[in-house]
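**Q** I'd like to ask you about the structure that follows.
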Amino acid sequence: LTCLNCPEVYCRRFQICRDGEKICFKKFDQRNLLGKRYRRGCAATCPEAKPREIVQCCSTDKCNR
């Protein structure tokens, strides 16, 4: 699996996930829409969202745009 892993809106950097990591995720804070920064990467399970945080998970190559 290959996931994007940079904070910019238009991300071009990616990483190859390790064994056991079968999910790509994207997290961002819903309060900061103008200066939106993302956390992206690979995970074994979908990370849990904190208050006011949006988490999106998927399981195909570079799906965490």
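In case you wondered, yes, glycine gets a Cβ from its N, Cα and C as well.
Dumping what Swiss-Prot says about this protein:
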- CYS3-CYS24: disulfide bond (DISULFID)
- CYS6-CYS11: disulfide bond (DISULFID)
- CYS17-CYS42: disulfide bond (DISULFID)
- CYS46-CYS57: disulfide bond (DISULFID)
- CYS58-CYS63: disulfide bond (DISULFID)
**Q** Within a 10 Å radius around the Cβ, which one of these disulfide-bonded residues has the most neighbouring Cβ atoms: CYS3, CYS11, CYS17, CYS42, CYS63?
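**A** In terms of Cβ crowding, the pick is CYS3.
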**Q** When you rank CYS3, CYS6, CYS63 by Cα distance to CYS42 (disulfide bond), which of the disulfide-bonded residues ends up on top as the closest?
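**A** The smallest Cα gap between CYS42 (disulfide bond) and any of the disulfide-bonded residues is with CYS3.
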**Q** So which disulfide-bonded residues out of CYS3, CYS6, CYS11, CYS24, CYS46 end up within 10 angstroms of CYS17 (disulfide bond), measuring C-alpha to C-alpha?
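**A** The disulfide-bonded residues close to CYS17 (disulfide bond) (Cα within 10 Å), listed in sequence order, are CYS3, CYS24.
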**Q** Quick one: among the disulfide-bonded residues CYS6, CYS24, CYS58, which has the most Cβ atoms sitting within 10 Å of its own Cβ?
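**A** Neighbour-count leader: CYS24.
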**Q** My understanding is the cutoff is Cβ-Cβ under 8 Å with a sequence separation of 6 or more in the same chain; which residues meet that for CYS46 (disulfide bond)?
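**A** Residues satisfying the criterion: ILE23, PHE25, VAL55, CYS57.
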**Q** What does DSSP assign CYS3 (disulfide bond), in three states?
**A** strand
